[in-house]
């Protein structure tokens with residue numbers, strides 16, 4: 001048996017036609033089923049995955065819409081998402097990093113959710129401070145599913161061993177330096193009072209700037225502080241570094257994830273910015289606790305509440321109405337809120353906390369009451385809400401990390417590092433527009 | 001070295017190949033070829049679908065601004081001109097060159113040393129061979145890099161060992177002076193593949209030369225440098241080319257050991273790591289594509305230089 005060249009081409013042509021036809025049919029069949037199903041993608045740990053799935057079951061029971069749940073860890077999440085966006089086939093609803101929402105919104109791939117508010121999505125149930133967490137240029141592209149703030153996490157056991165009083169809610173940056181120095185001395189060689197947080201934008205620099213009536217970024221997506229501010233910031237940490245109150249820069253290698261080799265868990269430092277109890281407490285036998293970031297001399301906390309994570313609907317979502325309903329389930333459905341409890345972060349509404357109150361454990365209660373306290377203190381600050389992180393935020397964050405470490409390692413003078421940061425960060429913010 | 005030495009790819013080209021067939025026979029050959037291509041098809045389809053077409057597409061992308069989410073915009077050679085005013089890019093080149101010129105010689109030296117040691121008629125040779133090859137099997141895997149990170153971390157194995165002698169070891173991973181050398185060491189430890197190739201080469205060396213050398217009373221070092229090394233030079237060449245290409249493309253260890261950031265202060269920012277950060281982190285896929293093509297050109301250049309210099313120091317037996 002032989003296949004002539006013409007025969008071969010005929011066969012190939014037939015195959016091509018079949019596959020083209022396949023392409024033609026596929027979306028139609030999906031479209032037909034669309035009203036009844038929905039793909040929802042998120043990243044999270046085991047607790048969040050379970051919590052979301054419980055909520056999705058409730059959603060299916062109430063609306064009859066099946067949800068195809070797709071979840072993974074944070075690593076590679078956005079790579080995969082980007083590939084799907086590039087291929088024109090994104091999920092119908094997905095979880096978004098608060099810091100990245102404006103980057104995606106600027107590319108025009110997210111649905112403006114204003115059309116679903118307030119009829120489908122009851123945004124006004126949420127705390128006023130987090131309602132705008134997903135707002136970019138006056139439009140709402142994402143709705144927060146939790147609330148977050150960046151406290152100072154400390155090792156209570158180490159403080160007790162050193163017989164030094166733990167930081168009070170009213171502490172200032174001067175107190176921070178003093179306590180860190182005392183702890184360094186008490187803990188002995190190779191151990192330090194606090195982590196060097198000069199590189200931490202949202203956990204340390206932002207509240208410090210807001211205490212002075214400034215912020216990281218303004219509404220136009222430009223830097224909202226001056227070179228002098230940053231030079232003063234670096235100088236403050238440099239002084240603490242030279243006094244041995246904070247850790248040397250070599251110790252910063254393991255500070256990007258909540259793991260056993262984080263210096264706080266390894267017992268090498270007593271305080272760190274930027275981490276909460278929920279991630280770190282399970283990793284150690286020591287008792288940990290949280291306290292507000294040190295206050296400014298005017299008593300302001302400067303804390304910025306953020307939306308934890310956001311839920312967003314791509315423009316190419318095949319079922320945006322059902323996706324909007326699912327968003328509202330997270331926001332205002334009491335059954336779903338009870339099913340998820342705190343495993344998705346602290347729900348950002350009084351309604352949700354009221355519903356949960358009777359069933360919380362003692363540790364959870366500490367988390368919730370402190371969050372409530374922080375929310376009250378933030379309200380007392382009377383500061384404008386922090387603008388959403390602008391497009392190019394990721395690169396600007398990297399630039400701060402780089403400049404701060406150049407100073408910490410003694411490779412650059414403070415003025416040089418400040419100049420480098422402003423050059424790189426401004427280029428990143430400009431280039432992302 | 002003869003044609004069946006396992007390095008046939010590198011045999012001197014053109015001059016030694018059979019002369020092209022006379023034109024009259026071409027048609028007939030063509031028919032034979034068709035069947036050949038038929039059998040090759042599974043591989044060819046893979047080559048086109050997963051290598052050549054993506055390569056051509058990335059060449060196009062390198063001339064555009066492409067953020068993955070919206071359509072690429074043509075900008076000509078802007079990505080290429082921007083490269084050389086990007087300080088982090090220049091830093092990544094510095095780091096990568098340092099890595100290549102240190103890790104490749106270290107790895108080849110380790111491979112040759114162990115190969116020579118194993119070639120002396122050991123009992124249980126197979127066992128040792130497998131043992132020394134094991135690290136390379138685990139090679140570029142994430143697990144090994146994670147383990148390396150643990151070994152060299154502040155409270156890791158190395159520092160605990162040094163502690164036995166009362167020495168407080170440095171923070172090998174966290175200190176920019178040392179972080180790079182942990183990567184070089186990791187690469188050197190994975191010498192299994194070049195070692196096997198050296199071992200295969202050593203087994204084929206003609207014994208008469210060694211006998212003659214023994215009669216002449218040549219010492220061990222003389223024998224090694226005057227006989228073994230020159231005869232083994234095609235293997236050295238082969239390994240050098242492959243390992244250089246591999247070293248330029250190293251990604252996983254730097255990614256894992258620096259938590260994906262190339263730190264501390266960009267001291268482990270290998271080329272491909274920066275490329276990844278630009279492409280997927282900053283969503284500048286056009287820029288990242290341009291970087292990939294520059295790397296392609298640089299690897300090509302290095303390989304060309306090797307081949308050019310090979311005439312001077314590689315001895316083929318024939």
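Glycine residues also receive a Cβ, built from the backbone N, Cα and C atoms like all the rest.
From the options B:149-168, B:289-308, the stretch TrEMBL describes as transmembrane segment is B:289-308. Below 8 A, the CB atoms of the transmembrane segment (B:34-60) and the transmembrane segment (B:289-308) form 3+ pairs separated by six or more positions in the chain. With a threshold of 8 Å between CB atoms, the same-chain residues lying at least 6 positions outside the transmembrane segment (B:289-308) that come near it are 58-59, 61-63, 66, 79-80, 83, 89, 237, 240-241, 244-245, 248-249, 271-272, 274-275, 278-279.
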